[in-house]
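Undergrad: Take this structure, written in structure tokens, and hold onto it; I'll ask about it next.
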Amino acid sequence: METKTIPTKNGHALNGFSIDDIGDDHLFTSLDTPMKPNAFDMSDKEKKERISILFSEIMDVLGLDLTDDSLQGTPDRVAKMYVEEIFSGLDPKNKPKVALFDNKYQYNQMLVEKDITFYSNCEHHFVPIIGKAHVAYISSGKVIGLSKLNRIVQYYAKRPQVQERLTQQIAHELKTVLGTEDVAVIIDAKHLCVSSRGVKDDTSATVTTFYGGAFNSPEKINELQNYINS
Ligand SMILES: [Zn+2]
């Protein structure tokens, strides 16, 4: 059988694999969420109107009766949810503003915020990814509020995602904000596209990690694991 190699927009083949080879496997191509250059030409209001029309078409094609009382408002609800909630992290205007504080007492100490619950969506199937993020950094004398760590996680989760990219994007943002390489991100998540469909594996979870700078040592990783498991 002939195998076609599909070139991506960057001109690279998908590591020599065809779309058929890849099938249901999730592929991670870049740190940045792939966005069109004109992604924000439309206002949020226009986006909601368009999505509502298009979603009612999907429902119509599926054979649903859109005049039914229960279904009538669904296209509008989905459009509002996409733009204002679950995909609001696509828009840089929603990025959390982070203030840094001097705290000399925290110098050289590991700060850990564990068990940050997040809800994201798989970009290959548009069904939920539900998980916990643990984030840590070693203070260079600057600290940020713990709620900001949470907000950074939520911002990047509110996009169509793959778990590897979510991990990297959170780590990258923390490095930039804190001005240090010494950050760690661990994500433990369940993908509904794996548990509720496809291979229907209901028990597996996926763990991804990022260890930057000083976290690249067995001692630091151990210390971090002890905090997370305590
Ligand atoms: Zn998926």
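If you go along the chain as it appears here, the first residue is 1 and each next one adds 1.
Note: Cβ is positioned from N, Cα and C throughout, glycine not excepted.
Nobody curates TrEMBL annotations by hand; they come from automatic prediction.
Annotations for this protein, taken from TrEMBL, read as follows:
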DOMAIN    55-221  domain 'GTP cyclohydrolase I'
BINDING   CYS122, HIS125, CYS193  Zn(2+) binding site
Undergrad: What does DSSP call CYS193 (Zn(2+) binding site) in the simple three-state scheme?
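TA: Reduced to three states, the DSSP call for CYS193 (Zn(2+) binding site) is helix.
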Undergrad: In three-state terms from DSSP, label HIS125 (Zn(2+) binding site) for me.
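TA: The three-state answer is coil.
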Undergrad: So how many other Cβ atoms are close to CYS122 (Zn(2+) binding site), meaning within 10 Å of its Cβ?
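TA: Here the count is 19.
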Undergrad: Could you pull the average pLDDT for the domain 'GTP cyclohydrolase I' (55-221)?
TA: 93
